[in-house]
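Below is one structure, written out as C-alpha cells; the observations come after it.
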Amino acid sequence: MRVENHSPSLSKLNPPEAGSGDPTAIGRRLSGIRRAPLPHVSAGSDGEAAAAGKIGAFLRKAVAAQSYGLMFANGKLFEATGDALEKRGQYGFSALQRLDGLSRRNLAAVEARLGALDSAERGLKERIMTGAWHFRHQSNAALDDGKTAAIASNHLLARESRSSGGNTFAGDKALLSNHDFVFFGVEFSGRGKQDKPLNHKHSTMDFGANAYVVPDTLPACRHGYLTLTDHFFNRVPGGREAEHQDFVGSFPQMGAETGRWIHEGKYRQNAPIFNYRDMKAAVALHLIEFLRDSKDAAFKAYVFDQAMQSGQALDRVLNSVFQAEFHIPRLMATTDYAKHPLRPMLLKEAVDSVNLPALSGLVSSKGDAVTAMWHAIDKGKDAVAAHLLGNWRFEAGDFASAPPGFYHELNYALSEHGASVYILDQFLSRGWAAVNAPFEHVNSGETMLDNAVKYGNREMAAALIKHGADRNLLSEWNGGKLDALLA
C-alpha cells in the first residue's frame, strides 16, 4: 500500500445552495477528501496557524460525518435498534449528532445502574479519566515512510483500488457498516508512544508484526468512537483466552467472570458505543460495574490498590476486563506516531500485505523468492509478483512442484478462483506453465480453461485463448459455456 503524504485537498467542493441557511450543507457536499498532516506554519504567523487549524478541524468533522453516515444508514443493527439514519449520497453533521446521542444514552444507562459512587470508586474513576491513553494499530503492511504514518479505512482503500487485503469481512459490513474507520487497540498505561506497547493482541487475534502507536490527543481522534470490545464480536475473551495468562492466572475467579458479552438493550450484538468526550468515563463506570458484580475479592483489592498507583497494573486490569477498540474515521495521517516491531514478520505476511520493503529483507535466496511467488499466486498479489520478476531470474523448473504448505499444482493454482490474470499471463508468456496441460490432482483431466469457465472469469478465459488454450479439451460440463462467457 502506498503512503499518502500531502496536505488536505478537495477534489470536489459544491457550495451550499443560496439561501439554504443550513451550516452543515457544505459538509454534505464534500466528496473525495483526503487528509494528511497540515503543513508546518512558522511561529510568527499566528493568524495563519489559527486559520489552518480551523480549516483542518472543519475538514476532519466533514469527513467524519461521511463515515458515521455510512455506518448508521447501512448497518442492519442500527436499523433494528431504531438508530438508523436515512440513506443518502452525502451526510451532514446530523450523523455526528447521532453518535453523540447514542453515547449519552449508553453512558446514562450505566450511570443509572450504578447510582451513587463511594469514595474509592470516585477515586478510581478520576484515575482513569485523567490518564493518558495511546491507540495501537497492528499491521503487516507498510504504513509509514519513516516520517509520516498514513492508515486508511477499508472503505477508502477499496474506493481508491489500492487495498492489499484486510480484516474487515462481509458480516462486519452488513451488521455495522463500520468499514470507513481505522481500528485501534487501547494502551491504558500512560506510558509514552515511544515505549513498546504492553499488548500485542486484540480479542485473541494477532493482527500484525508491527504496531503504530498514536496519542489520544491526536486531532484525528476527536471524532472517533470507542467500544469496550471488538465492535462486531462484542465478547471479552476470558480465562484461558486472555493474552496475559500470568496476570489472569493470579485471579482465577476474575478470569472466569471476564468472558462475557457487553451490550445494551435486547440485542446481544448491540455493543455500546461512546464518543471521544464520553469514552474515559464509560470505561471507568463499566469497570466499577464489573467490580461490584465480581466475587473475586483479591482482584478488587488489587484494582483499588496496585492499579491506582501503577499505569502498567491499570493497563493489565482494563485489558483483561475489556478489549476496548477505538475507531478513527476514514484516515489517520500523522507525524506524531511511533512504530514498534512486536515480532519477526513471516514471509507469507509480507506477501499478503504487499509489504515490499519487508519482503526484500525476508527474501535472501532464490528458494525464498520461489516460495514468495507461490504465495503471490495463492493470494493474487500482482505487485509482489512484479517485484519478484524484476529482482530474480526464474526458470520453469523452479515451479515444477509446490513448496510445503501449498496443496495445488501450478496450473490449478494459476487458474483457481480469485487467481490473478496478470500472474497467469506472465507465467504463460515465459513458458513456465503449459496452457493445455491437464490437472493431475484436483479435478484430474481438466485444464485451466475449465477453471476460467467454471468461475465465470471472462478475462482469464480470453488470456488463456490468447496463449493457445484448446476449447476442445473442455469437460462436458463446461464445453457449452465458453461462448456465452466470452460474448
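Residue numbers in this text run from 1 along the chain shown.
Backbone N, Cα and C atoms are what each Cβ position is placed from, and that goes for glycine too.
Using a 10 Å Cβ-Cβ cutoff, Glu325 (active site) registers 24 neighbours. DSSP classifies Glu325 (active site) as strand under the three-state reduction. Look at Swiss-Prot and you will find Glu325 tagged as active site, backed by experimental evidence.
Marked as nicotinamide binding site by Swiss-Prot: His137, Phe183, Phe184, His202, Phe207, Glu325.
Feature annotation from Swiss-Prot assigns NAD(+) binding site to His137, Gln138, Ser139, Leu143, Ala150, Ala152, Asn154, Leu157, Asn167, Phe183, His202, Asp230, Glu325; the stated evidence is experimental evidence. The 10 Å shell around the Cβ of Ala150 (NAD(+) binding site) contains 23 further Cβ atoms across the protein chains shown. According to DSSP, Ala150 (NAD(+) binding site) sits within a strand segment.
What Swiss-Prot lists as ADP-D-ribose binding site is Ser139, Leu143, Ala152, Asn154, Leu157, Gly166, Asn167, Thr168, Phe183, Phe207, Asp230, and the listing cites experimental evidence. Cβ neighbour count for Phe207 (nicotinamide binding site): 20 (other Cβ atoms within 10 Å of its Cβ, all protein chains included).
Residues or ranges marked as compositional bias 'Polar residues' by Swiss-Prot: 1-12.
The region 'Disordered' feature in Swiss-Prot is assigned to 1-27.
Within its own chain, the repeat 'ANK 1' (444-476) is flanked in space by residues 411-412, 414-417, 419, 421, 424-425, 428-429, 433, 435-438, 482, 485-486, which lie at least six positions past its ends and keep a Cβ under 8 Å from the stretch. Per Swiss-Prot, the feature repeat 'ANK 1' maps to 444-476; the stated evidence is sequence analysis.
His137 (nicotinamide binding site) falls within a strand when secondary structure is assigned with DSSP. Feature annotation from Swiss-Prot assigns site 'Important for catalytic activity' to His137 (among others); the stated evidence is experimental evidence.
The site 'Important for catalytic activity' feature in Swiss-Prot is assigned to Phe183 (among others).
Following the DSSP three-state reduction, the secondary structure of Phe207 (nicotinamide binding site) is coil. Residues or ranges marked as site 'Important for catalytic activity' in Swiss-Prot: Phe207 (among others).
Annotation for Asp230 (ADP-D-ribose binding site): same-chain Cβ neighbours under 8 Å, separated by at least 6 residues, are His202, Ser203, Gln323, Glu325. Among the features that Swiss-Prot reports, site 'Important for catalytic activity' is placed at Asp230 (among others), with the record citing experimental evidence.
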Reduced DSSP state (H/G/I helix, E/B strand, rest coil) at Leu157 (ADP-D-ribose binding site) is helix
His137, Phe183, Phe184, His202, Phe207, Glu325 excluded, remaining Cβ within 8 Å of their centroid (nicotinamide) = Phe135, Arg136, Gln138, Gly185, Phe326
Using all protein chains shown, find which of the binding-site residues Ala152, Leu157 scores highest when you count other CB atoms within 10 A of its CB.
-> Ala152
Stretch-averaged pLDDT - the repeat 'ANK 1' (444-476) | 97
Around the Cβ of Ser139 (NAD(+) binding site), the count of other Cβ atoms that are within 10 Å = 20
Under a three-state DSSP reduction, the secondary structure at Phe183 (nicotinamide binding site) is strand
Would you say which of the binding-site residues Phe183, Phe184 has the most Cβ atoms within 10 Å of its own Cβ?
-> Phe184
DSSP residue counts for the repeat 'ANK 1' (444-476), split into helix, strand and coil = 19 helix, 0 strand, 14 coil
